[in-house]
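Features reported for this protein in Swiss-Prot:
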- 29-43: disulfide bond (DISULFID)
- 36-49: disulfide bond (DISULFID)
- 42-58: disulfide bond (DISULFID)
- 1-18: signal peptide (SIGNAL)
């Protein structure tokens, strides 16, 4: 019984990690605080590509 639980949790963790990786490559978007070139090609909905002085990063867009 204990072995079954360990194997089940291991498989669940592997599947969740694989699904997360596929989701990011399918979107072509970077996660929050990653470098970007423009709003359209890397930021998720509700984020903007904002300059931090040297580089640009996707940050939440709270309006104008």
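Placement of Cβ uses the backbone N, Cα and C atoms for every residue, glycine included.
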Cα-to-Cα gap, residue 43 (disulfide bond) vs residue 58 (disulfide bond), nearest whole Å
6
Which of the three DSSP-derived classes (helix, strand, coil) applies to residue 58 (disulfide bond)?
strand
Among all protein chains shown, how many Cβ atoms are found within 10 Å of the Cβ of residue 49 (disulfide bond), not counting that one?
19
